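Step one of this worksheet: look at the structure below.
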Amino acid sequence: QGTRDHPPAQTALRDRLLAAVVACFKRHGAAAIDTPVLELRETLTGKYGEEAKLIYELQDQGGELLALRYDLTVPFARYLAMNKITNMKRYHVAKVYRRDNPATTRGRYREFYQCDFDIAGQFDPMIPDAECLKIVHEILSDLQLGDFLIKVNDRRILNGVFAVCGIPESKFITTCSAVDKLDKMPWEEVRSEMVGEKGLSPEAADRIGEYVQLHGGLDLIEQLLQDPRLSQNKLAKEGLGDMKLLFEYLTLFGITGKISFDLSLARGLDYYTGVIFEAVLLQQENDHVEEPVSVGSVAGGGRYDGLVGMFDPKGRKVPCVGVSIGIERIFSILEQRVKASGEKVRATETQVLVATPQKHLLAARLKLISELWDAGIKAEMFYKKDPKLLKQLQYCEATGIPLAAIVGEQELTDGVIKLRDVATREEVRM
């Protein structure tokens, strides 16, 4: 359950998608790393908040207690700490595992790919953060998935809001995971969860409601900087100051049109400490709808300055910021689009089929195809001694092979081959 086999055409489509994402990461100067799919159980526990129940723990078989990796961020932090690395820009494309309730139509699986880009190191505020947002913007624009919106918030602003609304610090994380559901549930339901399940007072919940329903741009940041309650809170003030700086950089990158400062964005994971963001695809249901409808998150990330320190025996911190591209959901959308358009995705990259029109020419085919392979040309041939020419050409049409190199008795005598363009049926001797 929650896993799937990828037939050749799907795999080819996915490879094309991953190549576009990786090309963007490389354009921004990232190096690739890889880590084991298994981690020590203790490495993963206590890093994901309420999501921890979704970790796949492996049976105790004597020796180390292991689990399957849940994301690529915690293994990266462990890697930095173990190798005493304080400065790195890396990307990692690999499978992760979650004991989630699968919803395969929406691209929710128990085994799925993640594509992460992270910048680790001590830098001036908001410059790497702005680059991560630029990367999301580039990838979603490149893939032409339609309209999208990148929501941005800051954990410090959220915690400041919780503090001025009278929430005890012990309830910050649980309140955060309730607020995080605002994109899927109306405020009334989130409010009743806060009061009923999380034990907040109705007054505190209402005060939070006044803030978490706000979204905008620089104007909203200015407005909150003037807010008498928030301006008294050190954390919120810091967060808002940085958010203002971030928007200045995003303006220079020319991407603020797709960015929304959204106070309801919380992201459920425990390890975020600063800027957090999430990209959603928007769907215009029909022309009469003013507000476009979100069809789900396709990228997310943020700043996690304390995570590496958790793995360092001396607690040395390495500030990090990163982004994860939700490749499975994007893949589901592209797959549906290909199906709807009837476009045929080529499963192979073969450039030429070596064909023969008469019998007893297997030796000529084997010699020619060997020369093509040695020259780095992608070539195929039939595994029959005497295939019919029509069958060979039909195979080219069915699989999208553009050229056929035909060697008959006449060609052998003349020392040439006949190159046929499968689509136009034009032939040249060479």
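For all residues, glycine too, the Cβ spot is worked out from N, Cα and C.
Residues or ranges marked as domain 'Aminoacyl-transfer RNA synthetases class-II family profile' by TrEMBL: 1-357.
Sequence-distant neighbours of Gln114 (L-histidine binding site) (same chain, six or more apart, CB under 8 Å from its CB) are Asp71, Leu72, His92, Val93, Ala94, Lys95, Val96, Ser324, Ile325, Gly326, Ile327, listed in sequence order. Feature annotation from TrEMBL assigns L-histidine binding site to Asp71, Leu72, Thr73, Arg98, Gln114, Asp118, Arg267, Tyr271, Tyr272.
Model confidence over the domain 'Aminoacyl-transfer RNA synthetases class-II family profile' (1-357) stands at 91, taken as the mean pLDDT rounded to a whole number.
Note on Thr73 (L-histidine binding site): other Cβ atoms within 10 Å of its Cβ, all shown chains, come to 26.
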